[in-house]
Amino acid sequence: GTLNPIHYPPRFNLNPNPNPNLMSTSRFNPSLNPDPIPLLSVTPLPPFSRCTVPRLKRSVVGCLPVLYWLPRYSIWDYGMPDLISGISVGIMHLPQGMAYALLASLPPVFGLYTSLYPALVYFFFGTSRHISIGTFAVLSIMVGSVTERLAPDRNFLVMLNGTNLTEVNITARDSYRVQVAAATTVLGGLIQVVLGLVKFGFVGTYLSEPLVRAYTTAAAAHAVVAVIAQLFGLSTTRFSGPLSLVYTLVEVCSKLPQTHLPTLAVSGVSMVFLIAAKEINSAISARLPVPIPVELITIVAATVISSYTHLNGNYTISVVGEIPSGLPDASLFKEVMGDAFALAIVGYAISISLGKTFALKHGYKVDSNQELVALGLSNAVGGFFQCYAVCSSMSRSLIQESTGGKTQMAGMASAVIVLVTVLKLGPLFQELPKAVLAAIVFVNLKGMFKQYYDIITLWRSSKVDLVVWLVTWVSTLLFNLDMGLGASITFAVLTVIFRTQLPKYSVLGHVPGTELYLDMETHREVPGITIFHSSATVYFANADLYLEALKGKSGLDISKMIIYKRRQEAKQRRRDKRAERRARREAKRQGSKDPDCATLGAVSELQDGDTTTLGSSSEDTLSRELDKVSLGSLGKWTWDIHSIILDLSTANFIDTVAIKTMRNIFHDFGEIDVTVYMAGCQMSVVEQLELGGFFSESITKGRLFATVHDAVLHFFMGVPVLSRTALAIEITL
């Protein structure tokens, strides 16, 4: 038997008033609509033009999440944990903010500004309760590449009075760099806000975990090279563009004989103290309510020692110095567009991945689109207050979570700590040696360098992810951070395309006693049926490969068979014409005889003669060769294969090229009397097939089955089988 055409209805029940009498007697699920719905019919949705108070409230709360959780905030339950956590994170903000400002080639105090204003903005708009917004090494080094490129030292050389010597006007240089960093930050923030408003929060998913970890690892190498001159007290040129890391290393190595020994001594002592104190802190952290603020102790001690011993005046050790001022310059937007976009994407990817990790652990939800808006506003508003690009910091976020932080109120408490420091203690840090800040950066990058262990892990688990990791790392090291990110994303996307272009094709066999069909190498073949499976969806990039694989797996060389069949049909037509001409001549000669009988006799005689001479005629050499190819060298092909089932359960879409390929498969195999069926098609795929004009009188929906097992049962039972897809459709109708 044959199946009746299956009509696929819309996916949703649009009839709000089903017939209860009909439903009570129906054999189908009474919760579904039994009334038939025309294919692809559209029912007008209720108008949404009316503004109601609940809807307005939901919209406002969605834009300002603080209005949702702050009225429910319990001081007794959350107040003290948030306060302790905020103080702990605020203490970390101080040294990290000033240290990471060096990576951005900005005066260290601007790192404190960056730790203050964006955190206040995120308090109102953010949805994550545990991430700490502020400075981060990767974004700092990305900002530094922009400021060094647009404001190099050579642009600020001035002549010394009465001499031919030149020196860098540090005040003018730093002031312009602040404007460049602020402009880049504002533009990056605006990009994030726009992406969030258009619901583009999924953009971060294109940065896979191996890619992000390799990118941050390579960025850590850039950070080390950026601060190594500060550790040795050298004055070097910071290069930008491809191979900038190599050029900087070469220059640093060439100037090592000029190392400033007092600066090197300060760096060495600071690093030894930081490493030792951090190891002790880790060893006794289980017995401490809050971690020891090692970095804060270091910068306070270094500032006090520098102030009383006059390290800058007596030993010419570079210190923080005065604080310049300036506002973002909008004319710089066109020069920093690419850098701002890279900052926006990388910052969001780091923040959302960390936020979702904590949300999953503590059982709440993070809105990816709102996070993009919150991070964008933090950057855009912060840029007008002389801040540079921010995102969440893993080290500070872990401290905020481990010390008991419950809500965004912990971020507000940390911002207050930074605010007090900026207002009352800021001038004191002018005597802080920059070498101490460089040592803090160097030591804090230890966690990122541990990510090199990913190479071993990925070697064991996924070679493709390992290649992505290595390509990202190499391209980021050689092409700088912005171009390295673009090259890494491009390569990662190419790996996906490559894997869909070359999927695994297999012929499925039945697992006895089940409805499962797996690779035929380990399971029994279904007699007379070839079940063809692809591990990827069929689309324009692999449609031809799909057809070739189907030919190879089925053992049927369609092209040669069709040529053979058509040649035989042409020969048969020529025989019929010769027979007809002979019959007419015979009829004329006999005259009185019945022409119909003469025609039938001549045709029969001619066909018998042709049949006996087909194998030996010299005119039919090509036919003999094709017959030999069809029966001999085509391997598995036999006339016993009467049906092919295409398992399309892995296809989530199908394009016009694939539809044309499928139509050709149905037609070509039909030429050799092999019927093709489809199994496992999703509703969206069937809709795309229908819109693409795939179905016709020769290819009906009766060739669709919900599962491979339904199709196999149809063949062996010899009667129409109501598949689960057909049943679901009939239930809906």
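Heads up, the Cβ atoms here are built off N, Cα and C, so glycines get one too.
Here the structure is a predicted model, which means the values were calculated and not measured.
Database features, via TrEMBL:
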- 572-587: compositional bias 'Basic residues' (COMPBIAS)
- 519-715: domain 'STAS' (DOMAIN)
- 569-602: region 'Disordered' (REGION)
- 100-125: transmembrane segment (TRANSMEM)
- 131-151: transmembrane segment (TRANSMEM)
- 180-202: transmembrane segment (TRANSMEM)
- 214-234: transmembrane segment (TRANSMEM)
- 340-360: transmembrane segment (TRANSMEM)
- 372-391: transmembrane segment (TRANSMEM)
- 412-429: transmembrane segment (TRANSMEM)
- 435-453: transmembrane segment (TRANSMEM)
- 465-498: transmembrane segment (TRANSMEM)
Whether the transmembrane segment (465-498) meets the transmembrane segment (372-391): three or more C-beta pairs under 8 angstroms: no
Averaged pLDDT score, the domain 'STAS' (519-715): 76
Three-state composition of the compositional bias 'Basic residues' (572-587), taking helix and strand from DSSP: 16 helix, 0 strand, 0 coil
Contact ranking winner - 214-234, 340-360, 372-391, 412-429, 435-453 against the transmembrane segment (180-202), Cβ under 8 Å: 372-391
Region pair the transmembrane segment (412-429) / the transmembrane segment (214-234), three or more CB pairs under 8 Å: no
Cβ contacts under 8 Å made by the transmembrane segment (435-453) with residues that lie 6+ beyond its boundaries: 95-96, 98-103, 108, 137, 213-214, 216-217, 219-220, 223-224, 227-228, 230-231, 233, 263-264, 266-267, 270-271, 274-275, 278, 295, 298-299, 302, 317-318, 394-395
Intrachain neighbours beyond the transmembrane segment (100-125), with Cβ under 8 angstroms and 6 or more residues off its ends: 63-66, 93-94, 132-137, 140-141, 143-144, 147-148, 174, 177-178, 181, 223, 226-227, 230, 238, 320-321, 323-324, 370, 373-375, 377-379, 381-382, 385-388, 390, 408-409, 411-412, 414-415, 418-419, 421-422, 426, 429, 432, 434, 437-438, 441
